[in-house]
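J.: Handing you this structure, nothing more for now.
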Amino acid sequence: MSAIIQVSNLSKQYREVKAVNDISFTVNTGDIYGFLGQNGAGKSTTIRMLLTLIEPTAGTIELFGKNLNSHRKAILRQIGAVIEKPDLYKYLTGYENLSLFAKMSGVAVNEKKLNDQLEQVGLTERAHSKVRTYSQGMKQRLGIAIALIHDPQLIILDEPTNGLDPQGIADIRNLILHLSRHQGKTILVSSHLLHEIELIANRMLIIDKGKKIMEGTVAALVDPARTMVHLEVTNPQQVVTWLQSSKWSANLQEHSNNVILLQMNKPQVPELTADLVNAGANIMALQPQNSLESYFLSLTTENRHVDTFTN
Amino acid sequence: MWTLLQIELFKIFKRPRTYIAFIAIAAIVILIQLALYLDGKTYIGFLLQSIERFNVEGKILNGYFVCYFILQTLLIHVPLLIALVGGDMIAGEANMGTLRLLISKPISRSTLLVSKFLASSIYTLLLLIWMAILSLFVSLLVFGSGDLMVFQSQVIIQIPQSDVFWRYLAAFGFAAIAMITVAALSFFLSLFAENSIGPIVAAMSIVIVCTILTTMDLPLFLSMKPYLFTSHMLGWKGFFDIQATTGNSAVPGSIQNLPGILRSAFILIVHIVGFVVAAVVIFKKKDVLS
């Protein structure tokens with residue numbers, strides 16, 4: 001599979017703040033690539049560098065095998081993007097917005113093509129209403145129509161589900177899957193809603209405070225061997241002391257107040273529960289989580305602890 | 001470039017605020033015309049009261065005189081209306097969040113910026129054409145034609161009717177350069193803000209301060225005048241400064257200080273080019289964070 005996006009040692013510094021710090025990743029043809037991070041992690045800055053809105057301080061970006069700096073126009077012609085919330089010309093209609101951006105994308109537009117695109121995102125009935133009368137979900141769908149009107153190979157969606165209701169989120173998710181499966185598009189989608197990424201992406205990157213934490217397949221990240229157990233007890237000191245001297249010591253990740261975190265293979269959880277009861281732990285809650293969300297939170301939390309100690 | 005220019009003009013003329021300037025100019029011109037129509041003779045009498053032994057033949061209060069009166073009053077204020085659109089060209093897009101969408105399209109930043117500037121220049125020209133239609137052609141229709149009397153501090157200049165019209169065309173041409181300078185200034189300032197209010201107010205403030213410095217005859221300000229673009233914006237008046245013979249007869253088709261007018265026009269064009277080139281250079285390197 002060929003690489004569509006190849007980012008190498010990318011950094012962006014604003015005075016003392018390193019918004020993006022030496023990130024490298026690869027997006028292959030046909031990927032739905034999840035770009036995960038909490039707010040302020042550096043996702044939008046990275047995406048803006050991919051779209052030439054921001055100039056990198058260091059590093060290189062290659063798209064479709066070409067350097068972004070030297071082939072900017074040719075590369076952007078093959079990209080459709082929704083950057084954060086889709087802000088459009090509110091005093092124009094949805095149809096006029098779409099027509100205007102289609103012309104800017106360099107495609108020959110006709111009424112049929114525009115209407116077909118609006119139909120694909122379910123905006124036919126409101127095509128000739130001013131955008132100021134649109135709901136957030138409708139604006140988002142129009143933004144996606146604008147991103148798709150020139151039939152790009154690569155679609156970049158920055159937080160596409162922000163501000164949407166559950167139905168809107170589901171619609172966007174289905175649209176992304178449709179574009180990937182039926183139209184063969186490569187999609188880079190950023191989000192802090194990890195559950196959404198888990199449902200649609202095949203590969204992903206997690207960043208935090210501008211740094212790459214990990215890159216891999218979603219299947220590997222939801223590996224049952226990496227189940228995180230959140231244990232809440234009323235006698236944490238006693239339980240931690242027992243855990244440290246027991247066979248579970250290697251599984252102990254961290255503890256604070258009443259909460260103890262252990263990482264293990266999911267089938268081991270019943271055995272741990274029995275051992276804890278026998279050891280006199282007053283268990284208030286025991287929750288095994290192997291979702292991407294749990295993994296993401298554990299990674300970013302770990303980083304924070306490291307920072308706390310090093311500071 | 002042509003497609004982009006069409007798009008920019010489409011956006012400008014789809015916005016209701018664009019028409020504020022056209023309505024404002026129409027309102028002011030019509031009010032002045034109405035006032036002069038109802039009580040213009042009193043005003044002319046006031047102008048003539050200090051002049052002794054001066055016999056006037058013909059109709060002083062004609063369309064050409066009314067147009068000159070309107071231009072003197074309005075050309076100081078039109079820059080404020082132009083800044084409304086010029087200051088919004090980039091900052092307005094940043095404020096709406098559409099700037100990032102524009103820049104992510106396969107268009108070079110300099111082409112985008114130049115097309116935006118050309119669109120704001122076309123808007124400026126249309127505003128001046130609108131002003132010319134109302135102040136010159138409507139005035140000629142309502143007040144009729146005649147020789148133009150220009151009252152200056154020391155002298156009265158009488159320009160024969162047959163020698164006036166081309167002067168207005170030239171004056172509006174010069175005013176177009178002057179107004180595009182204001183458009184370029186507000187456009188340049190628009191780069192540095194994410195809200196159009198800032199550059200509009202900044203452009204207005206610069207024009208007002210420089211105009212005050214231009215009109216005050218204090219020694220310190222006099223030395224600054226040649227360097228203030230607002231001093232040169234009034235160059236259109238030079239087209240009505242006619243040469244006279246030794247017998248004080250007007251020389252048809254003449255202009256007292258054509259090199260001075262051309263120099264002013266050149267200085268304004270240098271300002272326009274300077275503002276636009278600086279805007280392009282800065283914009284090409286600018287990180288779009290809005």
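Backbone N, Cα and C atoms are what each Cβ position is placed from, and that goes for glycine too.
Sharing the feature lines straight out of TrEMBL:
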TRANSMEM  B:20-38  transmembrane segment
TRANSMEM  B:63-91  transmembrane segment
TRANSMEM  B:112-145  transmembrane segment
TRANSMEM  B:165-193  transmembrane segment
TRANSMEM  B:200-222  transmembrane segment
TRANSMEM  B:261-283  transmembrane segment
J.: Which sequence-distant residues neighbour the transmembrane segment (B:200-222)? Criterion: at least 6 residues beyond either end, Cβ under 8 Å.
T.: 76, 79-80, 83-84, 86-88, 182, 185-186, 189, 228-231, 234
J.: Among B:20-38, B:112-145, B:165-193, B:261-283, which stretch has the most Cβ pairs under 8 Å to the transmembrane segment (B:63-91)?
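T.: Looking at each of B:20-38, B:112-145, B:165-193, B:261-283 in turn, the most contacts to the transmembrane segment (B:63-91) are made by B:112-145.
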J.: Near the transmembrane segment (B:261-283), which residues from the same chain, at least 6 beyond its ends, have a CB less than 8 A from one of its CBs?
T.: 90, 109-110, 113-114, 117, 174, 177-178, 180-181, 184-185, 187-188, 191, 229, 231-233, 235, 238-239, 255
J.: Which bits of the chain, at least 6 residues beyond where the transmembrane segment (B:112-145) starts or stops, bring a Cβ under 8 A of a Cβ in it?
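T.: Same-chain residues near the transmembrane segment (B:112-145) but 6 or more away: 1, 4-5, 7-9, 11-12, 18, 21-22, 25-26, 29-30, 33, 36-37, 59, 61-67, 70-71, 74, 78, 81-82, 85-86, 89-90, 102-103, 161, 168, 172, 175-176, 179-180, 182-184, 187, 276, 279-280, 283.
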